[in-house]
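K.L.:
Before we start, here is the structure in question, set down as structure tokens.
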Amino acid sequence: MIMGSSSDWETMKNACDILDAMDIPYEKKVISAHRTPDLMFEYAASARERGLKVIIAGAGGAAHLPGMTAAKTTLPVIGVPVKSRALNGIDSLMSIVQMPAGIPVATVAIGDSGAKNAGLLAAQILSAFDENLKNRLEAYRESLADKAKGSELE
């Protein structure tokens, strides 16, 4: 879990909440594509050898962190567009989703929902190789269905 700025934490903690609920270990760091590019390249290039399986990268504005991270690793990268002040996150979304062919970034929705879905997408990727995690995801989905079934309008 990396983010471009500590101000992105309010959004990105939603992904961490999902990873915690799924009992998936993770690390979280602030790594700026623009202010610490060498650190970003080092982080991405060494991710696989450090045992990472998926990288969730969130950024706002000129959100180059997910794409530049993806350029330096063959691990799956999930990009979370963080809502920005100027354009409500549309700038972040466009910066992340418009990757050139050959360097994919799985891009989720803007903001908190996107961060939650990033955590869930990472869990789904990992569950392809982990039966227990698959079971936890299925239980989570069942809890969503139960909650929806229990909803009433007044």
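Cβ coordinates are placed from backbone N, Cα and C, and glycine is handled just like the others.
Where the annotation comes from TrEMBL, it is an automatic prediction and has not been curated.
What TrEMBL lists as substrate binding site is SER5, ASP8, ARG35. Taken from TrEMBL, the feature domain 'PurE' covers 2-148.
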K.L.:
May I have the list of same-chain residues other than SER5, ASP8, ARG35 whose Cβ is within 8 Å of the Cβ centroid of the recorded substrate site, in sequence order?
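P.N.:
The surrounding set, listed in chain order, is MET3, GLY4, SER6, SER7, VAL30, SER32, ALA59, GLY60.
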K.L.:
Would you mind pulling the DSSP three-state label for SER5 (substrate binding site)?
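P.N.:
It is coil.
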K.L.:
Given the binding-site residues SER5, ASP8, ARG35, which one is most crowded in terms of C-beta atoms within 10 angstroms?
P.N.:
ASP8
K.L.:
In Å, how large is the greatest distance between any two Cα atoms among SER5, ASP8, ARG35, the listed binders of substrate?
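P.N.:
Max Cα-Cα spread across the substrate binders: 15 Å.
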